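This is the structure I have questions about; it appears just below.
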């Protein structure tokens, strides 16, 4: 008996017309039945935002022949929620893949990234989920070297499943680098040092453009940043339990002077 | 010699005019020098979103006598970034407090909450940070029972500091409940079951309002949800390392068939 093809939800944060999502849906079509739900406009940096004060639109569109696609007026997380509820109607897909993002989502970027938040939402929905990102911000980024890895990683996740309440954060080196292989990593400690470009508008009012520099604060050789800078595809198992379990004992030794504060 | 008063950054996600932030700044004024930076409009559900495609505004306003306050056109996380860079100018505050949120941010809500994301951003900036939230969505919520706890918890954090790369997620029971004390907890496993209220606009186009029901998937008695439902203030130590460290060994045993996928 032929094995039933898996159903695969494809999402992103760069918007439905981004080249990165086309690469991802094409690779997924080789292994499953694909449904694409993506924002109707770029949603980079949206993190885990959801739309609660405004109504949402979800419209079927024909962008690529033979692909079931929907554009959504909301955030990447909204896309996953609408897909699960209004398209799959509770019969969950076998896999949720997000990306391929134009730009890296390693290290601390996992928090800011709409691509990764969509994958996190997939995992919250108990769907094996993977976020893919490439070290190239450009619209014309070359994703060709990512293709075999995307499929190999997706196939392994479909075959093995993922541990409960975890997902994968996958980042690819730039096309100009030769890929040495895949490394399982931890999220590197890092932060963005913001710089605000200060300007004055035509009405004499001040405004800012946020820019920033990524600063690595981690010398570990087991991090995603280290792996990528050495030519590997980084794979970080990611979880959404944000409890700092190791800090509980310490906090239990504290005495809160609530009476004194009254 | 008199001890120098700590400097305290106060932020929120309900917007600068929300009653919850007034409660928080009033309590912080009793123990430190306060600077308030908050969104100029409600930003609930914004998660860790940042503003990268649009310019930002930051304007000083006189809302309450004697309080240094700024309203910001961006997200809660933008507020923290602008405060650190443009107001404190690198001389970081001793404490960052966010809230008090009108509505609970326990369990999985830590991911969606702008209140908590602002506190997370404070922690990324290496500032001891706390998010406070109340079990009452109403604009007229009664926060009086929270006041002594807010101050007692902030004082302990100023005195003891927090472990590297951790912050606190504090949630208060509704005013109608008698508070039994403070419990250090872990984040409960739960999810939102969305319901999309389907409507048709005057132009015959379909749209959705997202609503949902919180569903607890955790029987533990060490969770924030359990503590709150039993009349305790819940305190969850929270971290932004999202690595699922326990899953690394398992993933290292996988074989990725990259050659076959080419």
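Each residue, glycine too, has its Cβ placed from N, Cα and C.
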Among A:85, A:101, which residue shares the divalent metal cation site with A:13, A:14, A:44 according to TrEMBL?
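Among A:85, A:101, only A:101 appears alongside A:13, A:14, A:44 as divalent metal cation-binding in TrEMBL.
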When the number of other CB atoms within 10 A of each residue's CB is tallied over all shown chains, which of the binding-site residues A:44, A:101 has the maximum?
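Top count of Cβ atoms within 10 Å goes to A:101.
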If you count other C-beta atoms within 10 angstroms, which of the binding-site residues A:13, A:14 is the most crowded?
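In terms of Cβ crowding, the pick is A:13.
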Could you find out if DSSP has residue A:44 (divalent metal cation binding site) as helix, strand or coil?
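For residue A:44 (divalent metal cation binding site) - judged by DSSP and reduced to three states - the answer is coil.
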